[in-house]
(Lines of atoms letter the chains of each structure in order from A; the text may use other names.)
(Lines give C-alpha, C1' and ligand atoms only; values in the text may rest on other atoms or scores of the structure.)
Protein backbone atom coordinates (compact mmCIF):
# COMPACT_ATOMS: atom_id res chain seq x y z
CA UNK A 1 0.00 0.00 0.00
CA UNK A 2 2.88 2.32 0.78
CA UNK A 3 4.33 1.32 -2.58
CA UNK A 4 1.08 2.29 -4.28
CA UNK A 5 1.14 5.65 -2.59
CA UNK A 6 4.77 6.23 -3.54
CA UNK A 7 4.08 5.23 -7.13
CA UNK A 8 1.15 7.65 -7.43
CA UNK A 9 3.13 10.49 -5.94
CA UNK A 10 6.11 9.85 -8.21
CA UNK A 11 3.84 9.71 -11.23
CA UNK A 12 2.15 12.93 -10.25
CA UNK A 13 5.43 14.75 -9.78
CA UNK A 14 7.40 13.38 -12.74
CA UNK A 15 4.69 13.03 -15.35
CA UNK A 16 3.87 16.70 -14.99
CA UNK A 17 0.60 18.38 -15.66
CA UNK A 18 -0.95 17.22 -12.42
CA UNK A 19 0.92 18.51 -9.45
CA UNK A 20 0.97 22.27 -9.93
CA UNK A 21 -2.05 22.65 -12.14
CA UNK A 22 -4.72 22.65 -9.47
CA UNK A 23 -2.66 25.14 -7.50
CA UNK A 24 -2.43 27.39 -10.56
CA UNK A 25 -6.17 27.01 -11.05
CA UNK A 26 -6.77 28.05 -7.44
CA UNK A 27 -4.59 31.12 -7.98
CA UNK A 28 -6.27 32.19 -11.20
CA UNK A 29 -9.75 31.58 -9.77
CA UNK A 30 -8.97 33.82 -6.83
CA UNK A 31 -7.49 36.43 -9.16
CA UNK A 32 -10.59 36.47 -11.31
CA UNK A 33 -13.00 37.04 -8.45
CA UNK A 34 -12.17 40.75 -7.93
CA UNK A 35 -12.66 41.29 -11.68
CA UNK A 36 -16.14 39.90 -11.28
CA UNK A 37 -17.24 41.63 -8.10
CA UNK A 38 -15.12 44.77 -8.13
CA UNK A 39 -11.99 45.71 -6.17
CA UNK A 40 -13.58 47.21 -3.02
CA UNK A 41 -11.73 45.66 -0.10
CA UNK A 42 -14.82 45.63 2.11
CA UNK A 43 -16.79 43.40 -0.20
CA UNK A 44 -13.76 41.23 -0.90
CA UNK A 45 -12.97 40.56 2.72
CA UNK A 46 -16.62 39.73 3.30
CA UNK A 47 -16.78 37.13 0.55
CA UNK A 48 -13.19 35.89 0.91
CA UNK A 49 -14.01 32.81 3.07
CA UNK A 50 -16.56 31.52 0.60
CA UNK A 51 -14.43 32.31 -2.43
CA UNK A 52 -11.36 30.59 -1.00
CA UNK A 53 -13.32 27.49 -0.06
CA UNK A 54 -15.07 27.40 -3.42
CA UNK A 55 -11.77 27.81 -5.25
CA UNK A 56 -10.20 24.97 -3.30
CA UNK A 57 -13.23 22.80 -3.98
CA UNK A 58 -13.18 23.45 -7.73
CA UNK A 59 -9.42 22.93 -7.89
CA UNK A 60 -9.94 19.56 -6.21
CA UNK A 61 -12.76 18.72 -8.60
CA UNK A 62 -10.72 19.39 -11.73
CA UNK A 63 -8.09 16.81 -10.91
CA UNK A 64 -10.53 14.05 -9.94
CA UNK A 65 -10.90 12.31 -13.29
CA UNK A 66 -7.16 11.68 -13.31
CA UNK A 67 -7.35 9.50 -10.18
CA UNK A 68 -8.34 6.29 -11.94
CA UNK A 69 -8.63 7.18 -15.63
CA UNK A 70 -5.02 6.63 -16.72
CA UNK A 71 -4.64 3.43 -14.71
CA UNK A 72 -7.90 2.22 -16.18
CA UNK A 73 -6.87 2.94 -19.75
CA UNK A 74 -3.52 1.15 -19.67
CA UNK A 75 -4.77 -1.78 -17.62
CA UNK A 76 -2.84 -1.00 -14.45
CA UNK A 77 -6.07 -0.95 -12.52
CA UNK A 78 -6.79 -4.57 -13.45
CA UNK A 79 -3.38 -5.58 -12.17
CA UNK A 80 -3.92 -3.64 -8.97
CA UNK A 81 -7.29 -5.33 -8.49
CA UNK A 82 -5.67 -8.77 -8.77
CA UNK A 83 -2.86 -7.86 -6.38
CA UNK A 84 -3.10 -8.91 -2.72
CA UNK A 85 -3.91 -5.35 -1.65
CA UNK A 86 -7.69 -5.08 -1.15
CA UNK A 87 -9.51 -2.64 -3.43
CA UNK A 88 -10.65 -0.69 -0.38
CA UNK A 89 -7.02 -0.08 0.48
CA UNK A 90 -6.31 0.91 -3.09
CA UNK A 91 -9.16 3.43 -3.04
CA UNK A 92 -7.98 4.85 0.28
CA UNK A 93 -4.41 5.20 -1.01
CA UNK A 94 -5.60 6.84 -4.22
CA UNK A 95 -7.58 9.33 -2.15
CA UNK A 96 -4.56 9.98 0.04
CA UNK A 97 -2.31 10.51 -2.99
CA UNK A 98 -4.87 12.89 -4.47
CA UNK A 99 -4.99 14.80 -1.22
CA UNK A 100 -1.20 15.09 -0.99
CA UNK A 101 -0.89 16.29 -4.58
CA UNK A 102 -3.83 18.72 -4.59
CA UNK A 103 -5.32 19.24 -1.12
CA UNK A 104 -2.10 19.85 0.76
CA UNK A 105 -0.70 22.49 -1.66
CA UNK A 106 -4.10 24.22 -1.58
CA UNK A 107 -3.96 24.39 2.21
CA UNK A 108 -0.47 25.85 2.05
CA UNK A 109 -1.39 28.39 -0.62
CA UNK A 110 -4.68 29.50 0.90
CA UNK A 111 -3.26 32.08 3.37
CA UNK A 112 -1.37 33.85 0.54
CA UNK A 113 -4.51 34.00 -1.55
CA UNK A 114 -6.35 35.18 1.55
CA UNK A 115 -4.04 38.19 1.53
CA UNK A 116 -5.06 38.92 -2.05
CA UNK A 117 -8.70 38.94 -1.01
CA UNK A 118 -8.06 41.00 2.12
CA UNK A 119 -9.18 38.29 4.51
CA UNK A 120 -9.32 39.69 8.06
CA UNK A 121 -6.41 38.72 10.31
CA UNK A 122 -8.04 36.47 12.93
CA UNK A 123 -9.47 34.22 10.21
CA UNK A 124 -6.12 32.89 8.89
CA UNK A 125 -5.56 30.06 11.36
CA UNK A 126 -9.18 28.97 10.93
CA UNK A 127 -8.86 29.08 7.14
CA UNK A 128 -5.83 26.80 7.25
CA UNK A 129 -7.37 24.54 9.87
CA UNK A 130 -10.71 24.17 8.07
CA UNK A 131 -9.04 23.50 4.72
CA UNK A 132 -6.59 21.05 6.26
CA UNK A 133 -9.43 19.17 7.93
CA UNK A 134 -11.90 19.54 5.04
CA UNK A 135 -9.92 18.79 1.90
CA UNK A 136 -9.37 15.10 2.81
CA UNK A 137 -13.15 14.72 2.69
CA UNK A 138 -13.17 16.35 -0.75
CA UNK A 139 -10.53 13.87 -1.92
CA UNK A 140 -12.36 10.87 -0.46
CA UNK A 141 -15.72 11.89 -1.94
CA UNK A 142 -14.03 12.66 -5.24
CA UNK A 143 -12.34 9.27 -5.32
CA UNK A 144 -15.75 7.68 -4.92
CA UNK A 145 -17.10 9.77 -7.81
CA UNK A 146 -14.09 8.91 -9.96
CA UNK A 147 -14.59 5.21 -9.22
CA UNK A 148 -18.23 5.47 -10.29
CA UNK A 149 -17.41 7.09 -13.63
CA UNK A 150 -14.14 5.36 -14.48
CA UNK A 151 -15.68 3.22 -17.21
CA UNK A 152 -17.41 6.12 -18.94
CA UNK A 153 -15.76 7.86 -21.82
CA UNK A 154 -15.75 11.62 -21.43
CA UNK A 155 -17.17 11.26 -17.95
CA UNK A 156 -15.73 14.55 -16.70
CA UNK A 157 -18.93 16.55 -16.71
CA UNK A 158 -20.94 13.68 -15.30
CA UNK A 159 -18.34 13.35 -12.55
CA UNK A 160 -18.90 16.99 -11.57
CA UNK A 161 -22.66 16.55 -11.58
CA UNK A 162 -22.35 13.52 -9.28
CA UNK A 163 -19.70 14.87 -6.94
CA UNK A 164 -20.74 18.50 -6.44
CA UNK A 165 -23.99 17.76 -4.56
CA UNK A 166 -21.97 15.48 -2.29
CA UNK A 167 -19.60 18.38 -1.55
CA UNK A 168 -22.40 20.53 -0.14
CA UNK A 169 -22.06 19.78 3.59
CA UNK A 170 -18.27 20.05 3.59
CA UNK A 171 -18.42 23.38 1.78
CA UNK A 172 -21.10 24.75 4.08
CA UNK A 173 -19.28 23.94 7.30
CA UNK A 174 -15.83 24.84 5.95
CA UNK A 175 -16.83 28.24 4.63
CA UNK A 176 -18.98 28.88 7.70
CA UNK A 177 -16.01 28.21 9.98
CA UNK A 178 -13.87 30.83 8.22
CA UNK A 179 -16.61 33.42 7.88
CA UNK A 180 -17.52 33.06 11.55
CA UNK A 181 -13.89 33.68 12.40
CA UNK A 182 -13.92 36.90 10.34
CA UNK A 183 -16.96 38.21 12.18
CA UNK A 184 -15.75 37.18 15.61
CA UNK A 185 -18.26 34.42 16.23
CA UNK A 186 -17.35 30.98 17.48
CA UNK A 187 -15.71 29.08 14.60
CA UNK A 188 -15.01 25.91 16.53
CA UNK A 189 -18.39 24.20 16.05
CA UNK A 190 -18.33 24.23 12.22
CA UNK A 191 -14.68 23.19 12.32
CA UNK A 192 -15.54 20.16 14.41
CA UNK A 193 -18.39 19.33 12.05
CA UNK A 194 -16.01 19.52 9.08
CA UNK A 195 -13.68 17.19 10.91
CA UNK A 196 -16.61 14.85 11.55
CA UNK A 197 -17.57 14.76 7.89
CA UNK A 198 -13.96 14.08 6.96
CA UNK A 199 -13.66 11.27 9.48
CA UNK A 200 -16.88 9.70 8.27
CA UNK A 201 -15.95 10.00 4.60
CA UNK A 202 -12.49 8.57 5.15
CA UNK A 203 -13.90 5.65 7.07
CA UNK A 204 -16.79 4.72 4.78
CA UNK A 205 -16.25 6.01 1.26
CA UNK A 206 -13.29 3.76 0.34
CA UNK A 207 -15.73 0.85 0.68
CA UNK A 208 -18.23 2.51 -1.65
CA UNK A 209 -15.44 3.39 -4.08
CA UNK A 210 -14.15 -0.18 -4.02
CA UNK A 211 -17.66 -1.49 -4.69
CA UNK A 212 -17.95 0.83 -7.68
CA UNK A 213 -14.50 -0.20 -8.94
CA UNK A 214 -15.46 -3.90 -8.73
CA UNK A 215 -18.48 -3.26 -10.89
CA UNK A 216 -16.46 -1.32 -13.42
CA UNK A 217 -13.72 -3.95 -13.60
CA UNK A 218 -16.18 -6.79 -14.09
CA UNK B 1 -47.80 -18.41 1.57
CA UNK B 2 -47.24 -15.74 -1.03
CA UNK B 3 -44.18 -13.65 -0.41
CA UNK B 4 -43.30 -10.24 -1.74
CA UNK B 5 -40.29 -11.74 -3.52
CA UNK B 6 -42.65 -13.40 -6.00
CA UNK B 7 -42.84 -10.04 -7.71
CA UNK B 8 -39.15 -10.28 -8.46
CA UNK B 9 -40.33 -12.55 -11.24
CA UNK B 10 -40.96 -10.16 -14.16
CA UNK B 11 -43.85 -12.25 -15.48
CA UNK B 12 -45.61 -12.21 -12.13
CA UNK B 13 -44.87 -8.51 -11.78
CA UNK B 14 -46.24 -7.76 -15.23
CA UNK B 15 -49.47 -9.66 -14.52
CA UNK B 16 -50.04 -8.04 -11.14
CA UNK B 17 -49.09 -4.56 -12.28
CA UNK B 18 -51.31 -4.90 -15.35
CA UNK B 19 -54.17 -5.61 -12.96
CA UNK B 20 -53.23 -2.83 -10.52
CA UNK B 21 -52.39 -0.13 -13.03
CA UNK B 22 -55.92 0.85 -14.14
CA UNK B 23 -57.08 0.85 -10.52
CA UNK B 24 -54.28 3.02 -9.16
CA UNK B 25 -54.46 5.34 -12.15
CA UNK B 26 -58.23 5.58 -11.79
CA UNK B 27 -58.12 6.25 -8.05
CA UNK B 28 -55.38 8.82 -8.63
CA UNK B 29 -57.48 10.56 -11.27
CA UNK B 30 -60.61 10.61 -9.11
CA UNK B 31 -58.73 11.79 -6.01
CA UNK B 32 -56.90 14.51 -7.89
CA UNK B 33 -59.99 15.82 -9.63
CA UNK B 34 -62.13 15.75 -6.47
CA UNK B 35 -59.36 17.09 -4.21
CA UNK B 36 -58.22 19.85 -6.54
CA UNK B 37 -61.69 21.00 -7.55
CA UNK B 38 -62.81 20.95 -3.92
CA UNK B 39 -59.65 22.70 -2.84
CA UNK B 40 -59.62 25.33 -5.56
CA UNK B 41 -63.29 26.24 -5.75
CA UNK B 42 -65.06 25.16 -2.58
CA UNK B 43 -62.76 26.25 0.23
CA UNK B 44 -62.72 29.76 1.66
CA UNK B 45 -59.76 32.09 1.19
CA UNK B 46 -57.34 32.27 4.05
CA UNK B 47 -57.68 35.54 5.93
CA UNK B 48 -54.00 36.42 5.58
CA UNK B 49 -52.91 34.60 2.44
CA UNK B 50 -56.00 35.15 0.33
CA UNK B 51 -56.49 32.70 -2.49
CA UNK B 52 -52.77 31.86 -2.73
CA UNK B 53 -53.29 29.38 0.11
CA UNK B 54 -54.81 27.03 -2.44
CA UNK B 55 -51.46 26.20 -3.98
CA UNK B 56 -50.98 24.02 -0.91
CA UNK B 57 -53.03 21.31 -2.66
CA UNK B 58 -50.27 20.91 -5.24
CA UNK B 59 -47.23 22.03 -3.29
CA UNK B 60 -47.44 19.89 -0.15
CA UNK B 61 -48.36 16.57 -1.82
CA UNK B 62 -45.70 16.91 -4.50
CA UNK B 63 -43.07 17.82 -1.92
CA UNK B 64 -43.99 14.81 0.19
CA UNK B 65 -43.93 12.50 -2.81
CA UNK B 66 -40.60 13.92 -3.97
CA UNK B 67 -38.99 12.73 -0.76
CA UNK B 68 -40.90 9.44 -0.72
CA UNK B 69 -39.80 8.74 -4.28
CA UNK B 70 -36.17 8.99 -3.21
CA UNK B 71 -36.93 6.76 -0.23
CA UNK B 72 -38.50 4.21 -2.54
CA UNK B 73 -35.44 4.36 -4.81
CA UNK B 74 -33.24 3.82 -1.76
CA UNK B 75 -35.20 0.73 -0.75
CA UNK B 76 -35.34 -0.74 -4.26
CA UNK B 77 -31.62 -0.04 -4.69
CA UNK B 78 -30.93 -1.88 -1.46
CA UNK B 79 -33.04 -4.82 -2.65
CA UNK B 80 -31.06 -4.86 -5.90
CA UNK B 81 -27.74 -4.75 -4.09
CA UNK B 82 -28.70 -7.48 -1.64
CA UNK B 83 -30.94 -9.82 -3.61
CA UNK B 84 -30.26 -8.81 -7.21
CA UNK B 85 -33.85 -8.74 -8.44
CA UNK B 86 -33.91 -6.99 -11.78
CA UNK B 87 -37.44 -5.69 -11.37
CA UNK B 88 -36.29 -3.83 -8.28
CA UNK B 89 -33.47 -2.06 -10.12
CA UNK B 90 -35.79 -1.18 -12.98
CA UNK B 91 -38.37 0.20 -10.54
CA UNK B 92 -35.69 2.47 -9.07
CA UNK B 93 -34.77 3.62 -12.55
CA UNK B 94 -38.44 4.20 -13.37
CA UNK B 95 -39.09 6.18 -10.18
CA UNK B 96 -36.25 8.68 -10.65
CA UNK B 97 -37.77 10.92 -13.37
CA UNK B 98 -41.13 10.87 -11.57
CA UNK B 99 -39.50 11.96 -8.34
CA UNK B 100 -37.53 14.62 -10.18
CA UNK B 101 -40.70 16.07 -11.67
CA UNK B 102 -42.39 16.10 -8.24
CA UNK B 103 -39.35 17.95 -6.85
CA UNK B 104 -39.57 20.44 -9.69
CA UNK B 105 -43.31 20.93 -9.13
CA UNK B 106 -42.69 21.56 -5.43
CA UNK B 107 -39.97 24.10 -6.23
CA UNK B 108 -41.98 25.92 -8.89
CA UNK B 109 -45.25 26.06 -6.94
CA UNK B 110 -43.26 27.21 -3.92
CA UNK B 111 -41.74 30.02 -5.98
CA UNK B 112 -45.14 31.03 -7.33
CA UNK B 113 -46.52 31.10 -3.80
CA UNK B 114 -43.45 32.83 -2.40
CA UNK B 115 -43.56 35.74 -4.81
CA UNK B 116 -46.73 37.39 -3.44
CA UNK B 117 -46.28 36.09 0.13
CA UNK B 118 -42.60 36.56 0.87
CA UNK B 119 -42.01 39.09 -1.90
CA UNK B 120 -39.38 36.93 -3.54
CA UNK B 121 -39.29 34.02 -5.94
CA UNK B 122 -36.38 32.41 -4.24
CA UNK B 123 -34.82 32.55 -0.84
CA UNK B 124 -31.80 30.60 0.40
CA UNK B 125 -33.88 28.95 3.05
CA UNK B 126 -32.85 25.48 4.32
CA UNK B 127 -35.99 23.78 3.03
CA UNK B 128 -35.87 25.41 -0.38
CA UNK B 129 -32.17 24.80 -0.73
CA UNK B 130 -32.38 21.18 0.32
CA UNK B 131 -35.05 20.62 -2.31
CA UNK B 132 -32.80 22.18 -4.90
CA UNK B 133 -30.04 19.81 -3.82
CA UNK B 134 -32.46 16.88 -3.93
CA UNK B 135 -33.24 17.94 -7.49
CA UNK B 136 -29.52 17.87 -8.32
CA UNK B 137 -29.24 14.40 -6.80
CA UNK B 138 -32.07 13.20 -9.06
CA UNK B 139 -30.31 14.72 -12.08
CA UNK B 140 -27.01 13.05 -11.24
CA UNK B 141 -28.70 9.71 -10.61
CA UNK B 142 -30.53 9.81 -13.94
CA UNK B 143 -27.43 10.98 -15.80
CA UNK B 144 -25.46 8.04 -14.42
CA UNK B 145 -28.16 5.62 -15.61
CA UNK B 146 -27.99 7.14 -19.07
CA UNK B 147 -24.20 7.14 -19.27
CA UNK B 148 -23.55 3.43 -18.73
CA UNK B 149 -24.29 0.93 -21.49
CA UNK B 150 -24.27 -2.34 -19.57
CA UNK B 151 -27.63 -2.45 -17.70
CA UNK B 152 -26.31 -4.54 -14.80
CA UNK B 153 -23.32 -2.27 -14.20
CA UNK B 154 -25.61 0.73 -14.47
CA UNK B 155 -27.96 -0.74 -11.88
CA UNK B 156 -25.04 -1.52 -9.55
CA UNK B 157 -23.39 1.86 -9.84
CA UNK B 158 -26.61 3.85 -9.52
CA UNK B 159 -27.54 1.81 -6.44
CA UNK B 160 -24.22 2.64 -4.80
CA UNK B 161 -24.72 6.29 -5.74
CA UNK B 162 -28.23 6.22 -4.30
CA UNK B 163 -27.00 4.77 -1.00
CA UNK B 164 -24.11 7.21 -0.63
CA UNK B 165 -26.25 10.08 -1.91
CA UNK B 166 -28.93 9.39 0.69
CA UNK B 167 -26.43 9.72 3.51
CA UNK B 168 -25.07 12.97 2.10
CA UNK B 169 -28.56 14.30 1.39
CA UNK B 170 -29.44 13.86 5.06
CA UNK B 171 -26.19 15.50 6.19
CA UNK B 172 -26.84 18.37 3.77
CA UNK B 173 -30.32 18.83 5.17
CA UNK B 174 -28.99 19.40 8.69
CA UNK B 175 -25.98 21.37 7.45
CA UNK B 176 -28.39 23.77 5.75
CA UNK B 177 -30.39 24.26 8.92
CA UNK B 178 -27.13 25.14 10.62
CA UNK B 179 -26.14 27.44 7.76
CA UNK B 180 -29.12 29.72 7.49
CA UNK B 181 -32.27 30.48 9.41
CA UNK B 182 -35.35 29.70 7.41
CA UNK B 183 -38.21 31.73 6.09
CA UNK B 184 -40.27 28.65 5.36
CA UNK B 185 -43.00 27.82 7.87
CA UNK B 186 -42.78 24.63 9.89
CA UNK B 187 -44.10 21.32 8.69
CA UNK B 188 -47.67 21.58 7.44
CA UNK B 189 -48.38 18.02 8.43
CA UNK B 190 -47.11 16.03 11.34
CA UNK B 191 -48.56 13.01 13.01
CA UNK B 192 -48.14 14.13 16.59
CA UNK B 193 -50.54 17.05 16.42
CA UNK B 194 -54.24 16.88 17.09
CA UNK B 195 -55.16 19.21 14.27
CA UNK B 196 -52.66 20.34 11.65
CA UNK B 197 -54.70 22.88 9.75
CA UNK B 198 -58.32 23.91 9.80
CA UNK B 199 -60.69 21.16 8.71
CA UNK B 200 -61.96 23.05 5.63
CA UNK B 201 -58.47 22.91 4.16
CA UNK B 202 -57.59 19.56 5.69
CA UNK B 203 -60.08 17.27 3.91
CA UNK B 204 -59.27 18.30 0.33
CA UNK B 205 -55.56 18.21 1.22
CA UNK B 206 -55.83 14.60 2.39
CA UNK B 207 -57.61 13.71 -0.83
CA UNK B 208 -54.94 15.34 -3.00
CA UNK B 209 -52.26 13.66 -0.90
CA UNK B 210 -53.83 10.29 -1.65
CA UNK B 211 -54.17 11.35 -5.28
CA UNK B 212 -50.48 12.21 -5.62
CA UNK B 213 -49.54 8.98 -3.86
CA UNK B 214 -51.61 6.85 -6.20
CA UNK B 215 -50.39 8.89 -9.16
CA UNK B 216 -46.81 8.09 -8.16
CA UNK B 217 -47.58 4.38 -7.81
CA UNK B 218 -49.36 4.30 -11.15
CA UNK B 219 -46.58 6.14 -12.96
CA UNK B 220 -43.88 3.94 -11.44
CA UNK B 221 -45.79 0.75 -12.32
CA UNK B 222 -46.30 1.99 -15.84
CA UNK B 223 -42.70 3.06 -16.31
CA UNK B 224 -41.40 -0.18 -14.79
CA UNK B 225 -43.56 -2.13 -17.23
CA UNK B 226 -42.07 -0.09 -20.05
CA UNK B 227 -38.55 -0.79 -18.81
CA UNK B 228 -39.26 -4.52 -18.59
CA UNK B 229 -40.70 -4.53 -22.11
CA UNK B 230 -37.69 -2.60 -23.40
CA UNK B 231 -35.40 -5.14 -21.73
CA UNK B 232 -37.34 -8.05 -23.29
CA UNK B 233 -37.21 -6.39 -26.69
CA UNK B 234 -33.46 -6.02 -26.39
CA UNK B 235 -33.15 -9.70 -25.49
CA UNK B 236 -35.33 -10.69 -28.47
CA UNK B 237 -33.24 -8.60 -30.86
CA UNK B 238 -30.08 -10.16 -29.47
CA UNK B 239 -31.60 -13.63 -29.99
CA UNK B 240 -32.49 -12.82 -33.58
CA UNK B 241 -28.94 -11.73 -34.25
CA UNK B 242 -27.54 -14.90 -32.74
CA UNK B 243 -29.81 -17.13 -34.83
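Glycine residues also receive a Cβ, built from the backbone N, Cα and C atoms like all the rest.
The average pLDDT computed over the domain 'Cytochrome c assembly protein' (B:5-184) stands at 87. What TrEMBL records for B:5-184 is domain 'Cytochrome c assembly protein'.
Positions annotated as transmembrane segment by TrEMBL: B:20-42 (among others).
The transmembrane segment annotation in TrEMBL covers B:62-82 (among others).
Taken from TrEMBL, the feature transmembrane segment applies to B:94-116 (among others).
Per TrEMBL, the feature transmembrane segment maps to B:128-148 (among others). Counting only same-chain residues 6+ beyond the ends of the transmembrane segment (B:128-148), those with a CB under 8 A from a CB of the stretch are 63, 66-67, 70, 73, 93, 96-97, 99-100, 103-104, 106-107, 110, 122, 154, 157-158, 161-162, 165, 169, 172-173, 176, 180, 184.
Outside the transmembrane segment (B:160-180), and at least 6 residues removed from its termini, the chain residues within Cβ reach (under 8 Å) are 70, 73-74, 77-78, 81, 92, 124-126, 129-130, 133-134, 137, 140-141, 144. Annotated transmembrane segment per TrEMBL: B:160-180 (among others), in sequence order.
Summarising the annotation, TrEMBL assigns transmembrane segment to B:200-222 (among others). Below 8 angstroms of C-beta separation, residues 17, 20-21, 24-25, 27-32, 34-36, 38-39, 42-44, 46, 53, 56-58, 60-62, 64-65, 68-69, 72, 91, 94-95, 98, 102 of the same chain, each at least six residues beyond the ends of the transmembrane segment (B:200-222), sit close to that stretch.
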